[in-house]
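The transmembrane segment annotation in TrEMBL covers 12-32, 83-101, 107-127, 139-160, 172-190, 220-241, 253-276, 288-308, 314-333, 381-402. Among the features that TrEMBL reports, domain 'Major facilitator superfamily (MFS) profile' is placed at 14-407.
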Amino acid sequence: MSPKTAGPPDGGWGWVVAAAAFSVNGLSYGVLRSLGLALPDLAEHFDRSAQDTAWVSALALAVQQAASPVGSALSTRWGARPVVMAGGVLTSLGFVFSAFAQSLLHLYLGLGLLAGCGWALAFAPALGTLSRYFSRRRVLAVGLALTGNGASSLLLAPALQLLLDTFGWRGALLLLGAVTFHLTPCGALLRPLALPGDPPAPPRGPLAALGLGLFKRRAFSVFALGTALIGGGYFIPYVHLAPHALDRGLGGYGAALVVAVAAVGDAGARLVCGWLADQGWVPLPRLLAVFGALTGLGLLAVGLVPSVGSDDSWGASLLAAAGAYGLSAGSYAPLVFGVLPGLVGIGGVVQATGLVMMLMSLGGLLGPPLSGFLRDETGDFTASFLMCSSFILSGSFIYMGLPRALPSCHPASPPPTPPPERGELLPVPTVVLLPPGGPQSTVEATC
């Protein structure tokens, strides 16, 4: 580790780390989001139902997130650089193995287990390391890194459809194995950083290394419950947005366009929301609850759009609903990780990131298969998207129990500069009311 600095550098090499985290996010969630385009080919080749093939993406999501605390613990002990590089090798091997699959079981093992474990070792350590490099511009940096998801989906959705049409699903998975191997050089860019809030020695024992003691904090427990509920519906569009577009009458490239539109809105909103959150005009927990609710409403609109007339139609209503969903989901994503340092402190942010991913894995495991089951029972994905919308709206309601999630008006003292990183939510700006007597009799209130 490098010598301890006075605080997060808020720039410098941190922007290189942000670029590395951008690539890690694109090569993990961006690939997962686009992978839904291959599910109809897999179902046709193996003669299995949509529910069975949905387990491929669901297992990859669930393993990636459930094993994220392990990636965080290994990163706390050995550093993020070797852990992320090892994750890149595992992910690539998972895709190469899956390209030669003879049954869905092989895909469960290759994409679900191997690639999922590789992504678990890469994503949480990379994002946790990025949070340590920034303070004032933390949410903006996290939002910039998380745009890798949308940018990768924008490029990979049409590219994967072209690969499927040209080489079949086996050739497409083999080429994706080569693409995901680029996680390894991304990990090499994660330079270690020592900060004053770090523990003097690495945690001893598995429970301490995983950071399970963070659940003793009431605010983090409320946040964990809301995040677990939102995870039940948040990742269903990753798997079934493209098949839903196909069911609504769009062709293969029309479905890819729907995914691309959602990805563009997602990517742009992450940057804008990151900048907005760093201004401090609205407390982060309040923004988290609002944009979580808007995400649920966006998915409700996606599920209720009518079918289009023919394969040649662009499906304007579905494109508009997908764009609205992308904007709201993109605004929600950086807030989930940006609020963590205020809840647990800078020293526990890497462990907290892994725990958040584990909590969302509960929904990532159950949501897509349940969505596929509803599709098989009802004949379309309308009920599936209504279900995932209800999960997300319920989790957003739970977020209202976080500190400063609801408006209040009470006397407040000016925030210290720079704000302390001790696990409490960072102070919000004060509204200064100037009475007729002049600035000498200023009354401060936080509303």
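Cβ coordinates come from backbone N, Cα and C, glycine included.
The stretches the transmembrane segment (172-190) and the transmembrane segment (83-101) are in mutual contact, each linked to the other by at least three Cβ pairs under 8 Å (pairs 6 or more apart in sequence). Sequence-distant contacts of the transmembrane segment (139-160) (same chain, at least 6 residues past either end, Cβ-Cβ under 8 Å): 14-15, 18, 21-27, 29-31, 33-35, 37-38, 126-127, 130-131, 133, 172, 176, 242, 253, 256-257, 259-260, 262-268, 270-275, 277-278, 284, 326, 330, 333-335, 337-338. Same-chain residues lying 6+ beyond the ends of the transmembrane segment (83-101) with a Cβ under 8 Å from its Cβ atoms: 24, 27-28, 71, 74-75, 107, 109-111, 113-122, 125-126, 170-171, 173-174, 176-178, 180-188, 190. For the transmembrane segment (220-241), the partner stretch with the highest count of Cβ pairs under 8 angstroms, out of 107-127, 288-308, 314-333, is 288-308. Only residues 6 or more beyond the boundaries of the transmembrane segment (288-308), in the same chain, are considered here, and those with a CB under 8 A from a CB of the stretch are 226, 230, 233-234, 236-237, 241, 244, 247-250, 273, 314-315, 317-318, 321-322, 324-329, 331-332, 335-336, 339, 381-386, 388-393, 395-397, 399-400, 402, 405. Across all of the domain 'Major facilitator superfamily (MFS) profile' (14-407), the predicted model scores a mean pLDDT of 86.
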